[in-house]
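According to TrEMBL:
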- B:52-76: transmembrane segment (TRANSMEM)
- B:97-603: domain 'Cytochrome oxidase subunit I profile' (DOMAIN)
- B:112-132: transmembrane segment (TRANSMEM)
- B:197-217: transmembrane segment (TRANSMEM)
- B:237-263: transmembrane segment (TRANSMEM)
- B:275-307: transmembrane segment (TRANSMEM)
- B:327-351: transmembrane segment (TRANSMEM)
- B:363-382: transmembrane segment (TRANSMEM)
- B:394-418: transmembrane segment (TRANSMEM)
- B:430-452: transmembrane segment (TRANSMEM)
- B:464-488: transmembrane segment (TRANSMEM)
- B:500-519: transmembrane segment (TRANSMEM)
- B:539-564: transmembrane segment (TRANSMEM)
Amino acid sequence: MGLEERSLAQTGPRPERPHARADWKQMLGIGIVASILGVVAGLLIDWFPIAASNEAKPIDTLWDVLIIASVPVFVGVCVVVLFSVIKFRMRDGEEELDGPPIHGNTRLEVIWTAIPAILLVGLCTYAFIVLEDVEKAQANTMEVRVVGEQFAWTFFYPNPDGSGEEIAATRGELYLPVNQPIKFNLQAKDVLHDFWVPAFRMKKDAVPGMTVSYRVTPNRIGRYPIVCAELCGLGHATMRATAVVVSREDFDAWLEEQANPPEPTPAAGGGGGSGAAADGKQLFTANCASCHTLSDAGANGTTGPNLDETLPGQDAAAIRTSIAEPSVEIVDGYTNIMPNDYEQRLGAEGVDALAEYLAEVTKEG
Amino acid sequence: MTARLRAPGLTRAGLFLVLGTLFCAAIIVAVREAYGYPVFADGGIVPKAQNAILLLSLLIAPLWFLVGLGAFDYWFYWAAGKRTRPEDHSGHGATSWKDYFRVNTDHKVIGIQYVVTSFFFMLIGGLLAMLVRAELAAPGSQFVDANAFNGLFSVHASLMIFLFIIPVFAGLANYVLPLMIGAPDMAFPRLNALSFWMLPIAGVMMTASFFAPGGSFSTGWTAYAPLSTSAPIGQMFFTIGVQFAGASSIATALNFLVTIITMRAPGMSFWRMPLLVWANFSTSLLVVIATPFIAASQFFVLFDYALGFNFFRPERDGDILMYQHVFWFYSHPAVYIMMLPGFGIISEVLAVKARKPIFGYRMMAFSLLAIVLLGFTVWAHHMFVSGMQDWIRIPMMVTTAIIAVPTGIKIFSWLATLWKGVLHMDTPMLWALGFITMFTLGGISGVVLAMVPMDIYVSDTYFIVAHIHYVLYGGSLFTIYAGVYYWFPKMTGRMFDERLGKIHFWMTFVSFNATFGPMHLVGVKGMPRRVADYAEEFAAWNLFISLSSFVLGLSTLVFIYNMVASWRGGRRASANPWRALTLEWQVTSPPPVFNFDRIPTVVGGPYEYGVPGHVHGIMEPAEEARPKQAAGASSAEEGV
């Protein structure tokens, strides 16, 4: 170093400041040790949620590289600031003293322009490689159509019989076979949403009027939260679902069940309660609980009216109307944002079961 | 009473505001009647008519208010051929606090009006942030519903950006910039006053949105379509409020540009301008070029909302992504609008407090211009997950990373300025050093976000919240504190309480990091932003963040108390308590009404600390000025 020592434009006798002797080596040593400690700490932190896709590894590694590249920069700046404060701060008797009139040093400035530029271009190149890696098309990809609306996700699968007709997942759960490359085709019915499974690391917006796609390959069996990451209105925080990664066999069986739903049968066993109530409760939990509060189902959504308060006194027919055509009667203080297609989604029997269940559990109110 | 109602001022403005609202109501009633739409039903006004009256009043009534206030009196007199009151500075200065509540063309009065008004809205915005954190202290719903919560963070962000950070810089510069370049005032004093008075209109409008039917605007400060075009009427309080804030911004920026270009004192070449002047020159270029884009984006929303246009209706060939492109083409440069003036403040404070010339003065100026240029090439990095065409992400990633280079030059040059200086560790210096470290962290997380695969994962999470608060709080707000403390003696003629200033700094510095540091962690762990409810696993950190944020809120009150108490009864400040060289410190504190009794002459660089016999400006007109030291006059040019 010592570059700027030479550029000192000393124009007059300057009082000695023995305490302010700058020891480059000392500062460099402290900086290196602190950087190493910082990088180690940064790498030891358990940053990410569980990884469940092939895409997670390169992205998590990129994060580690960014930690290694950036911690020394931050530590370096802090060390120089602290070092300056300790060494060069004004002591008693220096109130009228000025520092040396150093105006600059071209070599130093070239160095601290060039090195960051090279570092950044290097990082960009690496990030580009990672991006190509996680987005490249895979053979034998299954396409899943994901439709977002206020405030729910619906998932559509290609029919394995090749008929071209889609199979809709009925429970609001996204089933995926493990180690199967997936391409999500995102669509939105009303406003922007963002389909994000943190465990898969990738996300993109669902945009009305467009189909936006991205790819992942789930590689770990388990259940992972699906989050809407783009502000979409009142129920944004509750627009959650679950991604279920299962084995190939389980997936095929599940898809078969979705394609040919079994005839509704009264719930066998499973404790008390009539069949309608048990079924209705399940439907409620899957479809309504994110927006409505209902103590019987343990639901505490606040986007829509509190059903413990509004439903008592209404019969099943009136409740049925409110589900099928929410715009007919709006509770004071709420706006008409509830989807109006539950009859199509759940079928007439589903709405009946839901209405009966709600009438039953709220009647004593 | 009639005399008071006829004279320009707040009384007449209030009257005109009422008249303007009635005027709008009359138009709507007349038009609806003419077309046969109902106005009154069931003993009340129908909601559509009510919304229409509200919407038109938002657009028109503020103009009536400005007329009533007297912002246009001169032009009206002139247009009517009446005798105008010449702008001879006779109305300048403020003799009592009441003078700050009228149209005043003195840049020093306007500067204080700006700073105080923006801090007022900062307190409101901060209060909203406290409410947000109180709601987020535990998972589930605490005390606000989803709509109110979305409104809280939306209004918080909008006030902080459009009513605090952008205008407070304009206010500080309004006060010190003409003094720094040796000018008696801004180039267009009446426009300057008009710019200021549009600001409280925007602020009151955004704050008042909470009283709108259906609640305040709740689509974030980004107001993405089509959520914003289908929202309740509260959204329009943002859409139209931004127009007033934006118009204010543009007019001020034009004023700065003309002032800097045409009103520098003799001898004040561009390469002798203090870096604060350079910073505001660069910022004003950004504002003038970029701000019309946010105006356009919000007009699109207004047209879709009110007139049934199809800019963002996909079923009618509208393009939803276009909103984001136009919005970010302003709102990314806006990040630099909120940062470059702060860079200028830090350069002033560091040079004076380290008693050294700014290291690499010309590179500091060039890097500002480089940021202006590059700032327009990075906007789509906010849209890596938006569904836009894939290829455009790569050039945007590269330009975003490259913009860190001029920013890095500035950081390293400030560090080199500290080196071997005589560091005065008082309050403005603490804020400046706090800024350097915190802004570096915010810049680093910015580089992390530039990397497309990383951004895909962390966008719309708390990592973003952490990043923008490190940039705008640890960055911009720390520079604002540095600047306010630094120029407080000049602006008020009083010294602030140094002990309280240090308490303020350390309390803020610690609680700031405790608040926003952990947000990096919960963000990468997967907590999305803009949610009132979150998973149980984030509960512990969120409680910690909320408690820290309350301390951060309290630390602001220390600052407010210090400012108010010191302004009322602080020790009298001398003309130049920091022994600074720039021109604003060569006049009394506060400066005389006309700034300089005689136009000064600039004979050297602004930061020649340590150069024996250094002089920046001589308080004499050019023909009488005799530069005594040729070395001091030219060393800035030689040094680089």
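From the backbone N, Cα and C atoms, a Cβ is placed for every residue, glycine too.
Along the domain 'Cytochrome oxidase subunit I profile' (B:97-603), the predicted structure has mean pLDDT 95.
Remote same-chain residues near the transmembrane segment (B:52-76) are listed as 8-10, 12-17, 19-21, 23-25, 27-29, 32, 84-85, 87, 102-103, 190, 193-194, 197-198, 201, 205, 212, 233, 236-237, 240-241, 244, 306 (criterion: CB distance under 8 Å, separation of at least six residues from the stretch ends).
Within the same chain, residues 342, 346, 349-350, 353, 381, 384, 393-394, 397, 400-401, 404, 407-408, 411, 414-415, 458-459, 463-464, 466-468, 470-471, 473-475, 478-479, 481-482, 485, 501-502, 505, 509, 512-513, 520 sit at least 6 positions outside the transmembrane segment (B:430-452) and bring their C-beta atoms closer than 8 Å to a C-beta of that stretch. Under 8 Å from some Cβ of the transmembrane segment (B:464-488) lie the Cβ atoms of residues 115, 160-161, 165, 168-169, 172, 175-176, 335, 338-339, 341-343, 345-346, 348-349, 352, 427-429, 431-432, 434-435, 438-439, 441-443, 445-446, 449, 458, 494-496, 501, 504-505, 508, 512, 515-517, 519-520, 523, 529, 559, 563, 566, 578, 584, all in the same chain and six or more residues away from its ends. Most Cβ pairs within less than 8 Å of the transmembrane segment (B:327-351), among stretches B:237-263, B:275-307, B:363-382, B:500-519, belong to B:275-307.
Only residues 6 or more beyond the boundaries of the transmembrane segment (B:275-307), in the same chain, are considered here, and those with a CB under 8 A from a CB of the stretch are 55, 169, 173, 176-177, 180-181, 223, 225-226, 228-231, 235-236, 238-240, 242-243, 246-247, 249-250, 252-254, 256-257, 260, 313, 318, 322-323, 326-327, 329-331, 333-334, 336-337, 340-345, 347-348, 358, 361, 364-365, 368-369, 371-372, 375-376, 606.
For the transmembrane segment (B:500-519), the list of distant contacts is 426-427, 430-431, 434, 438, 462-463, 465-466, 469-470, 473-474, 481, 485, 541, 544-545, 548-549, 551-552, 554-556, 558-559, 561-562: same-chain residues at least six beyond its ends, Cβ to Cβ under 8 Å.
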